[in-house]
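Here's the structure we're looking at; comments come further down.
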Amino acid sequence: MKEAQLQAQEQECIAWENAIPLGGKSSDVYCFDMALSVGDISDNEIGEQRKNVLKKMLSVWFVEDLDYQVEEKIQKIKTTLSSVIERYVAGEEVRIWYSYNPDELCGMYWLMKQLRPLNCQTTIYLVKLPTWEYGKENAMTSKISWGEVSPGEWGNYITLQEKAEPVFLSACAMKWNQLQNENAPLRAMLNGKLQSVSEDIYDSFILREIAEQPEQFKMAIVIGNVLGKYQLGISDVWISNRIDKMLEDGVLEIIQDAPKGETNYRRILRKRMK
């Protein structure tokens, strides 16, 4: 599973690097992969708190070179931000692609806070992912994040772009300040708004899928079912962490551990619920 995950990530990166969106260059596309819906966000800089969150999340996939992978990701984020700010100050238009996925919305608020103090007149465009899309033969689809849209298809959505007024930039920055002050363990969409929430907010969905399993079950099946069935906008890593908490609380127990060097998703668990 680890090899498949790494291969999928590599293929996604290649797709992004090779894509030529909207007639531009691949170098015009930037991605801030920071998982800002999760963990401590009190740092104004990309500092130790975010590094610790990323380390915990990446530990599911990397063991031997975990510190290297985390440091590389942090440096890439810092370099990307510097490049975006430099081009923004130089007057290049910015187009932000976002959805109601908590990570993407957090990312937009965070970026707006970085740009606001610069007091530039540079135009910012926003492109929101549609909640529903209609295809041929009355087909209807729903995507929860831009990660589900291949880079070559992004140009199809350009007609949806709207110019962000300065007041919107300020509102986003203020919202991020609010979320930072609350500094909850998790941020989620509730009633169409991004809110600070407790870390157990999604547990009912996980427990519902566990209840559907036999007494002994594969952890990976529960994770896959939660991701596919409910489309909550959370990662497999978050679900894994919550199952780990259930193991700590004695709700579940490990019957067979994952093979050495493999992700914990390969574990076989047993229910201990009364």
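For all residues, glycine too, the Cβ spot is worked out from N, Cα and C.
Annotation source TrEMBL lists domain 'DUF1835' at 24-127. Here TrEMBL flags 158-258 as domain 'DUF3658'.
Residue counts of the domain 'DUF1835' (24-127) by helix, strand and coil are 55 helix, 10 strand, 39 coil (DSSP-based). Mean model confidence for the domain 'DUF3658' (158-258) is a pLDDT of 95.
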